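Features reported for this protein in Swiss-Prot:
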BINDING   Cys22, Cys25, His26, Met88  heme c binding site
MOD_RES   Ala1  N-acetylalanine
MOD_RES   Lys80  N6,N6,N6-trimethyllysine
MOD_RES   Lys94  N6,N6,N6-trimethyllysine
Amino acid sequence: ASFDEAPPGNSKAGEKIFKTKCAQCHTVDKGAGHKQGPNLNGLFGRQSGTTPGYSYSAANKNRAVIWEEKTLYDYLLNPKKYIPGTKMVFPGLKKPQDRADLIAYLKEATA
């Protein structure tokens, strides 16, 4: 399903997904350091591979995608297909509702 067909996201459900599937490598807390993956604070509207102080793969820098709801929706389906060569080992979220929920949470938590 494309982003245009995505269900509305539930940020509470998205927070649970973040805690179980993302938080071991990422944080959303402003001013917190990077973990294995970059801090996601300020994610929306930022270009991939540009968070200060994090060592990105050339793939993430060269892809130069602007993170927004649609790009995250596509990326989170299959990160390695969307950015071949990414360091992110997460296989993705296959269910449209899970992606919509996670994005709703990230929109609130990273602002």
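Cβ atoms here come from the backbone N, Cα and C positions, even for glycine.
Between the listed recorded positions, namely His26, Lys80, Lys94, the fewest other CB atoms within 10 angstroms of a CB are found at Lys94. Here the binding-site residues are Cys22, Cys25, Met88, and the one whose Cβ sees the fewest other Cβ atoms within 10 Å is Cys25. Taking the mean position of the Cβ atoms of Cys22, Cys25, His26, Met88 as the heme c site, the remaining same-chain residues with a Cβ inside 8 Å of that point are Ala23, Gln24, Lys35, Gln36, Gly37, Leu40, Phe90.
The maximal spread of the heme c binding site, taken as the longest Cα to Cα distance among Cys22, Cys25, His26, Met88, is 11 Å. Between the CA atoms of Lys94 (N6,N6,N6-trimethyllysine) and Cys22 (heme c binding site) there is a gap of 15 Å, rounded to the nearest whole number. Here the CA atom of Lys80 (N6,N6,N6-trimethyllysine) lies 16 Å from the CA atom of Cys25 (heme c binding site).
Secondary structure at Lys94 (N6,N6,N6-trimethyllysine), taken from DSSP and collapsed to helix, strand or coil, is coil. When secondary structure is read from DSSP and collapsed to three states, Lys80 (N6,N6,N6-trimethyllysine) falls in the helix class. Between the C-alpha atoms of Cys22 (heme c binding site) and Lys80 (N6,N6,N6-trimethyllysine), the distance comes to 16 Å.
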